[in-house]
Each structure stands twice: as C-alpha cells, then as structure tokens.
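As recorded in TrEMBL, the features of this protein are as follows:
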- A:31-50: transmembrane segment (TRANSMEM)
- A:56-75: transmembrane segment (TRANSMEM)
- A:82-101: transmembrane segment (TRANSMEM)
- A:107-127: transmembrane segment (TRANSMEM)
- A:134-152: transmembrane segment (TRANSMEM)
- A:183-203: transmembrane segment (TRANSMEM)
- A:234-258: transmembrane segment (TRANSMEM)
- A:270-296: transmembrane segment (TRANSMEM)
- A:308-330: transmembrane segment (TRANSMEM)
Amino acid sequence: MTESTKQAAPVADAAPATGRRDVRALLQERWQWLAAAALVAAVCFAPFQLVPFRVFQLTMVLVYAVALLGLNLLVGHAGQISLGHGAFFAVGAYTSAILLHDHGLPHLVTLPFAAALAFVLGLGLGVPALRLRGLYLALVTLAIAIFLVPLIKRFESVTGGAMGLTLEKPVPPAWTGLAEDQWLYFLALAVTALAFASVYGLLRSRVGRALHAIRDNEAAAEVMGVKLSFYKTLAFAWSAMLAGVAGCVYTWTIAFVAPDSFTVTLSITLLAGLVVGGLGSMAGPVLGGLFVVYVPSLSQDINKGAPGVVFGLLIIVVMLVAPTGLAGLAGRAARSTRKVLQKERRNA
Amino acid sequence: MLEVADLTVRFGGITALDGVGFSVARGEMVGLIGPNGAGKTTLFNCLTRRYDADEGTAGYEDIDLLRAAPHAIAALGIARTFQNLGLFPALSVRDNVLVGAHHQGRAGFLGAGLWLPNVRREEARLRAAADAVLDRLELTKVADHPAAGLPFGTLKRVELARALAVEPRLLLLDEPVNGLSSGEVEEFAALVREIRQDLDITVVVVEHHMGFVMSICDRVVCLDFGRKIAEGSPDEVQRDPAVIEAYLGTAA
C-alpha cells in the first residue's frame with residue numbers, strides 16, 4: 001500500500017488542480033481502498049441478488065479460500081509442501097459432523113474443536129517435515145491423505161462409515177431475517193474474514209518474515225536466529241488448523257459428510273487450486289477458490305466428462321501464461337493499467 | 001572475546017581444520033587469510049554452528065560456542081555475512097534487514113495472528129531500528145525493492161546491513177569485498193571503519209583482497225591446508241616466509 005501511495009503522490013502534486021484531474025488523482029491514489037470498498041459491498045450484497053444455488057456456490061468458494069489460505073501459509077510462504085491437506089480438511093469436517101450428529105452441539109461451537117484437532121495433527125505432521133523436504137515430504141503427506149479414507153470407513157460407529165453422516169444446516173436466528181443459504185454464506189464470510197485478517201497479521205510480523213526466510217534460504221535464516229524446527233512445525237500446525245476450519249464450514253454448508261468427498265483428489269485439487277490462484281499472495285487463495293468451484297461447474301454445461309479435462313487444461317494454460325498464478329497475472333495487469341493511466345496524465 | 005583452540009574439523013578423510021587456535025580481543029579487527037581451501041570459511045561455519053567441530057574449543061565471552069544451538073548464535077551477539085551472499089532473494093531489502101533483527105522480537109504465531117497491540121509496538125520498534133541501519137548504509141532508496149535483481153555491490157551492503165541489524169558484538173565477514181570494483185572496496189573499507197568506531201564491534205574478516213586486509217586489520221591470521229601458519233600484525237604476516245610460500249609456492 002505504501003508503495004502505491006509513494007508512486008502516485010508525486011504525480012498528484014504536479015497536477016494542476018482542475019476538477020476532473022482531482023477525481024483521477026483521487027482514483028489513482030486511493031484505488032486500492034476504493035477497490036476494497038467496492039469488493040466488500042459486492043460481497044455483502046451478492047447473497048441478496050442471487051438464487052440460493054449461486055449463494056451456495058459462493059459459500060463453497062469461501063470454504064476453499066480458507067483451506068487454500070492455510071495451504072498457502074505452508075507452501076507459498078514457508079516453502080514446504082503438502083499433498084495431504086485434504087486430510088486436515090476432512091478432520092475438520094468430521095470433527096464438526098460428529099459433534100453435531102452425536103452430541104448435538106450448536107454449529108459455531110464445533111468450530112474451535114475442529115480447529116484444535118487439526119492443529120494438533122498438523123503439529124504431529126510437522127515433525128517429519130523437519131527431516132524431509134521436497135519430494136520426500138510430498139510423499140509422506142500424500143500417504144496421510146491416502147490413509148485417511150479407509151480409516152474413516154473403518155470406524156463406522158463414529159463416522160457413519162461409507163454411508164457418511166447426514167446433518168442439519170445451521171438455522172438462521174429470527175432477528176437476522178435471512179434465509180438459510182444467506183445465513184450460511186455470512187457465517188462462512190465471517191470465518192473467512194477472520195482467517196484472512198489473522199494470516200495477514202501473522203505474515204506482516206516477524207513470524208511471517210521468519211517463514212519467508214526459511215523458504216528463501218534456510219541456512220541464512222538459522223544464522224539470523226530463526227529456529228527452524230519451531231517455525232516449520234508451527235507453520236504446519238497453523239496451515240492444518242485453517243484447513244480444519246475450512247472443513248468445519250464445509251460440513252455446515254453441505255450438511256453431509258462421507259469419506260469419498262475427502263479422497264486424495266481433494267488434496268491434489270487444493271494444491272492445484274493454490275498454484276493456479278497464486279502462491280505466496282493474499283489474493284491467491286481467493287482466486288484459487290473461485291477456480292476450484294467455478295471451473296468444474298461451468299465446464300459441466302459443456303459435457304459430462306468435460307470438468308476434469310477443462311480443469312487439467314486450464315492448469316496447464318495458467319502455468320504457461322502466468323507462472324505466478326492468477327494473482328500474479330492480476331498484479332501485472334493492475335501495474336500496467338496504472339502505468340498507462342500515469343502516462344496519460346503526464347501527456348494530458 | 002573469542003578464544004579458538006585446537007579446532008579440528010574433518011570431512012571424511014579430509015582434514016579441513018587441523019588444530020587451529022587464535023584469539024580475538026574485544027574491539028579488535030582480525031583478518032583471516034590463506035589460499036583457497038585453507039579452511040577459512042569452514043572456521044566461520046564452525047563458529048556459527050553450521051558444522052560440528054571434531055575436536056577443540058571455541059569460547060566466546062565465557063560461553064562454549066560449540067555447544068550453542070545454531071539458531072542461538074545471533075542472540076549471543078554474533079552475526080555473519082556469507083561468501084556467496086546468503087540473502088533472501090524474494091524479500092525486500094528492508095525485510096532482509098528485519099530478519100536480522102529476528103532475535104530481538106518476541107511476537108509468536110498467536111500474538112501476530114491476533115494483531116495484539118504489543119506485537120504492533122514491537123514491529124514499529126524493529127522497523128525504526130531497521131530503517132536506521134538502512135539509512136546508515138545508504139540503502140533507503142532500495143528498501144522496498146526485492147533483493148533479487150539489485151547490483152552485486154548493493155547486495156553486499158544489504159548483507160552487511162542485515163548483519164548489523166542483529167546488533168552484534170562480534171561480526172564475521174566472509175569475503176565482503178570479493179567481486180567489488182576497487183572504488184567500491186575503498187568505500188566498503190571506510191564503511192567498516194566507521195561502523196567499528198560507532199558501534200564498538202569486534203570484527204573477524206576472511207578476505208583475499210590483500211590491500212583491504214592489510215589496510216584495515218589490526219592483526220592477521222594466515223591459514224594453509226587447515227593449519228595456522230602465521231599470525232601477527234599485517235606487516236609481519238606479509239613478510240613471513242611461510243605465508244609467501246603458501247601463496248606463491250616454493251621456488252622450484
């Protein structure tokens with residue numbers, strides 16, 4: 001943000017103060033705030049304009065965005081890899097489902113439990129990550145994702161086995177006047193906003209810098225006093241916790257959990273979605289969430305077999321055209337637009 | 001301040017350091033010279049716990065340095081730079097420097113994730129300190145630029161800035177002027193002098209640039225094939241026959 005104001009400020013000073021130019025200068029200086037305000041308005045307004053199925057889709061975008069936010073912390077920021085994040089997602093989903101189904105807890109109360117359990121398991125997975133890297137770490141995390149589905153099926157009495165568990169959706173409180181789908185959407189939106197705010201705070205602190213340092217140069221990071229074991233295990237734990245939170249909101253949204261929703265494919269879809277969205281950027285997880293939800297659903301209209309093919313092809317295209325993901329592409333577009341605007345102003 | 005004795009490091013059959021011993025007094029600037037492969041960087045890696053020593057001791061302010069954890073070195077007040085730059089390429093210059101101040105912060109995952117006020121205060125304090133270092137090394141202009149893509153001479157200064165952000169009492173410089181133009185070497189020498197004066201830092205520098213070493217160091221230690229072959233004032237070491245032989249080889 002400081003960067004943009006710094007760049008825009010001299011231009012604004014040089015401009016003669018005519019009405020039309022003032023608006024433009026304002027646009028240039030504050031475009032990020034204006035864009036953010038417009039986005040917030042659109043995001044809050046959307047569920048009142050769309051049919052329930054579309055609102056449901058947007059809710060799912062938020063669910064995936066939170067899961068990808070967690071994965072991004074680990075992969076994009078700390079430079080580790082996980083092919084098993086679907087497992088943490090599933091742990092969050094099942095924790096919530098079992099607490100709702102067997103213990104009748106209110107929906108919101110299940111969230112801290114889901115988060116805590118995923119956190120602890122992530123901490124556990126963080127331990128092998130201290131010794132393994134690259135492909136080896138990818139394989140170990142993949143093993144966890146493979147392991148999980150049979151495990152869920154085995155403990156049928158708790159998990160409902162292959163049949164899964166069918167649950168109730170959260171009931172909107174009367175004072176809100178919201179429909180079920182809208183209420184769910186706003187619950188997911190609140191969780192997403194909190195998760196993003198928290199990760200943003202984390203990344204702009206010494207913790208975020210330590211993670212980035214580990215990603216860029218482990219040896220130098222350690223010499224500078226970064227305790228590798230601490231940051232790696234906690235990056236895994238936080239990453240898993242966010243995936244668990246996403247899984248919990250998933251359970252609220254779908255009101256049904258079954259093992260076949262959490263196969264290895266989910267883990268790989270998450271990683272693919274993140275890479276397409278943009279590793280290491282704040283917008284990446286949101287764009288990745290949009291990608292994961294809308295590409296299969298839009299391509300379904302073409303042909304029944306199309307989603308897989310289109311999804312795969314689009315990943316290849318994005319990687320070729322924008323190796324930094326959609327977020328990188330958007331950033332490039334924004335920068336060149338700003339340049340063009342500035343040039344135009346100077347010529348005017 | 002630093003007492004190294006009988007330090008021996010072996011890699012398989014190769015003895016990289018063979019019973020090396022020397023000491024550095026507080027406030028001193030010691031040059032560590034020797035032909036390539038003499039074990040100079042190995043020595044630094046031992047002191048910063050990148051490598052384990054097979055034998056010997058390294059005492060630092062009454063602490064057994066060889067028992068310290070690798071990440072605890074910075075908190076002991078020891079900072080180093082790397083021979084081939086050990087920067088974080090994707091991070092901005094400012095963030096590189098801020099990583100140097102890592103051990104001065106307390107913020108953890110939870111505190112930072114919750115935007116606690118003490119974390120924000122601490123962050124403001126670290127940033128102010130980092131900006132002061134950037135200003136001292138004339139890096140303010142490039143502070144927001146990623147380290148990757150900056151000129152080599154600038155990166156060398158960024159690395160020095162990061163090391164200074166550690167607020168070290170002992171600074172280990174590994175070939176700081178390697179690859180710099182002669183003008184840049186002079187600038188760097190002036191900078192190091194100024195820093196020593198202002199900040200009361202003890203410096204050990206590994207360097208091949210003899211002009212730099214001889215002009216700036218109080219004392220010079222020369223290694224060859226892992227052994228110390230000479231130690232003394234720059235003049236003495238320069239005239240030492242063993243040093244001349246190590247660098248030029250014996251006349252046939």
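Just so you know, glycine gets a Cβ as well, placed from its N, Cα and C.
Just so you know, TrEMBL annotations are computer predictions that nobody has curated.
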(request) Could you tell me whether the transmembrane segment (A:56-75) and the transmembrane segment (A:234-258) are in contact, taking contact to mean 3+ Cβ pairs under 8 Å with a sequence separation of 6 or more? (result) yes
(request) Look at every Cβ pair spanning the transmembrane segment (A:56-75) and the transmembrane segment (A:107-127), keep those 6 or more apart in sequence, and say whether at least 3 of them are under 8 Å. (result) no
(request) Could you name the stretch, out of A:82-101, A:107-127, A:183-203, A:308-330, with the greatest number of CB pairs under 8 A to the transmembrane segment (A:31-50)? (result) A:183-203
(message) So if I exclude everything within five residues of the ends of the transmembrane segment (A:134-152), which remaining residues of that chain have a CB under 8 angstroms from its CBs? That is, six or more out.
(response) 80-87, 90, 94, 125, 128, 159, 161, 259-260, 262-264, 266-267
